[in-house]
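Chemist: Attaching a single structure in structure tokens format; questions to follow.
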Amino acid sequence: YLDHGLGAPAPYVDPLEPKREVCELNPDCDELADQMGFQEAYRRFYGTT
């Protein structure tokens, strides 16, 4: 028996995605993220992730 009403499960949601988007909108944070990674760049601009 297949339940066709539910479809595929929802993809995993990254809890840091909203912060990643904030960093991407700041050109300086985005550039730093390319060099050292998003979490370190975000920490330097906005504090802890």
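Numbers run from 1 along the shown chain.
Here the Cβ of each residue, glycine as well, is placed from N, Cα and C on the backbone.
Swiss-Prot feature annotations, pasted as is:
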BINDING   Glu17  Ca(2+) 1 binding site
BINDING   Glu21, Glu24  Ca(2+) 2 binding site
BINDING   Glu24, Asp30  Ca(2+) 3 binding site
DISULFID  Cys23-Cys29  disulfide bond
DOMAIN    1-47  domain 'Gla'
MOD_RES   Pro9  4-hydroxyproline
MOD_RES   Glu17  4-carboxyglutamate
MOD_RES   Glu21  4-carboxyglutamate
MOD_RES   Glu24  4-carboxyglutamate
Chemist: State the three-class DSSP label for Asp30 (Ca(2+) 3 binding site), counting H, G and I as helix, E and B as strand, and everything else as coil.
Modeler: helix
Chemist: Glu17, Glu21, Glu24: which of these binding-site residues has the highest Cβ count within 10 Å of its own Cβ?
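Modeler: The most densely surrounded of these binding-site residues is Glu24.
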Chemist: What's the number of neighbouring CB atoms sitting within 10 A of the CB on Asp30 (Ca(2+) 3 binding site)?
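Modeler: I count 16 other Cβ atoms within 10 Å of it.
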Chemist: Considering every residue in the domain 'Gla' (1-47), what is the mean pLDDT value?
Modeler: 86
Chemist: Need this for a regression test: recorded positions Glu17, Glu21, Cys23, filtered to those with Cα within 10 Å of Asp30 (Ca(2+) 3 binding site). What's left?
Modeler: Glu21, Cys23
